[in-house]
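The next block holds one structure in the form of structure tokens; read it before the comments.
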Amino acid sequence: MSSSSSGNSRHFGRVAPVVLAILDGWGHREELEHNSIRSAETPIMDALWHAYPHTLIEASGAAVGLPDNQMGNSEVGHLTIGAGRVIRQELVRISETVQTGRLGQTPALIALAERLRKSDGTLHLLGLCSDGGVHSHINHLCGLLHWAAAAGLNKVALHLITDGRDTPTQSASNYLHQIEDAINASGVGELASLCGRYWAMDRDHRWERTIRAYEVLTDPNQSISRVTAEDVLSASYANGTTDEFLEPTRLSNNYFKDGDGLVMFNFRPDRARQLVQSLTLPDFDGFPRANQPSLDVVTFTQYEHDLPVAVAFPAESLDDLLGQVVSEHGLRQYRTAETEKYPHVTYFMNGGIEQPLAGEERHLVPSPRVATYDLAPAMSADTLTESCVKAIESGVYSLVIINYANPDMVGHTGVMGAAQEAISTVDRCIGRLLDSTGRMGGTLLITADHGNAELMQGSDGQAWTAHTTNPVPVILVEGEKRKLSGYGNDIQLRAGGGLADIAPTLLQLLDLPKPDAMSGLTLIQAIESPTPSARLPQPV
């Protein structure tokens, strides 16, 4: 370990920081075809990969507490990085509850069913309808239909948000067929509306999008489509509009009314929050609401602490996280990202805690306000880098964490040229971080939270807009004032690791103890040591 005092290595009287750069969506895939990372100009990352200790780690499936072969995502990735252990994710918790028939034992749903039986109100089921597993899962919706039938709720309206981002761009009809089968099997349910996630799941306060979803759910004067849901999709595709951008469409007269109940079955909070805020907060001011139905609302998980809703699956509390350890040792830390990824380096990395820790400073850089990020592939990366360089060179932060959103957000558009530009932008920014960290004698650790931009087209020839299950890189650039002792002449990063090993690695670089609760293992080892057959820790 370092001979410095508890995490505060200094360079000319200033703290030499440990910097964690998370390249969101930067996965590893050897094949060049349809790979925006391998085909982009990346002189900095290429040079670092060849000159410094590096490895590949797992960022999907069991390595992050998800089912095998389930792609990782930003929420899960940042939670796992911050926890230093594998956490059983909400997808797994809820799926197990549905599969074992225990959904009807959930207190929030029991209470909702009882109130709706008394009031004779309609049960509305709202959420992303796909098997992407990032924000929701169609099996959970099917489970809700069977629960509603068993609970004696016969007035059930389905408001389906179409995906096309974590799934193929024109796959909604497949999910419609599954839902129609579930409606027939359960004997309850009516398709009431369709809406692309572009409108219903914004997270950047683009209220002009959210209001479109709000109105199709609440406005009694909305026109009702004269054609079937399948025909709505076909017409949308014919106009060049894919699932993500599907225009909000009313399919029946089953809109939200006073006394109705609502279950929002998305389990990931960040893209569900705005719509639920608009439906529940009495002092909401994002846009004028012509209709404000009084609803009895249950959300699958906690989207925000102050929402007037019941929560079906409350969060499991976590302690001894990376940020907490740094804070408890009296060290200062800096977290920065642009709007699209700001909750991930703060809220999610801190285990769902919204308030900053003692000594934790946060800096938000606004993302450009464009319809899709292929129109601005550089996003706000340069401004973000400038703010991070200032934090690094301030000499007051022991730990600096920055997230670059470009590979993920531009990768989601499926536009190859734009993704290549995004990758090259991030590569250039890493060069600036490297110079700044080096001037301070600090250490730079580079990794990613999941894959995305390394695959831009699927085998069917359609644009690939989803995440991947590919591993992600880790590169360690050791600083002069952060040299680790006890490793002979040199160090290497072991193979066989996962995202849960990032926090233990950072704590070692900071010369801080790893809590027992962190089952992850440091990636650092001496070159002369045999590579351990590291096992991924099991979910807690």
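Any Cβ shown, glycine's included, is placed from N, Cα and C.
Owing to the predicted nature of the structure, the values given are computational and were not obtained by experimental measurement.
Substrate is bound by ARG165, ASP166, ARG197, ARG203, ARG268, PRO269, ASP270, ARG271, LYS341 in Swiss-Prot, and the record lists one more residue there from HIS135, HIS137, HIS140, which is HIS135. Here Swiss-Prot has ASP408, HIS412 binding Mn(2+) 1, and the candidate from HIS329, HIS467 in that same listed site is HIS467. Binding of Mn(2+) 2 is attributed by Swiss-Prot to ASP24, ASP449, HIS450, and within the candidate set SER39, SER74, SER424 the record adds SER74 to that site. Considering only the binding-site residues ASP408, HIS450, HIS467, the residues lying within 10 A of ASP166 (substrate binding site) on a C-alpha to C-alpha basis are HIS467. Put simply, HIS450 (Mn(2+) 2 binding site) is 7 Å from HIS467 (Mn(2+) 1 binding site) when counted between their Cα atoms. The record gives ASP24, SER74, ASP449, HIS450 for Mn(2+) 2. Within 8 Å of the mean position of their Cβ atoms, the other Cβ atoms in that chain belong to ILE22, GLY25, ALA59, GLY72, ASN73, GLY77, HIS78, LYS341, HIS344, ASN403, ASP408, ALA448, ASN452, HIS467. In the three-state DSSP scheme, SER74 (active site, phosphoserine intermediate) is classed as helix.
In terms of C-alpha distance, the listed recorded positions SER74, ASP408, HIS412, ASP449, HIS450 place SER74 closest to ARG271 (substrate binding site).
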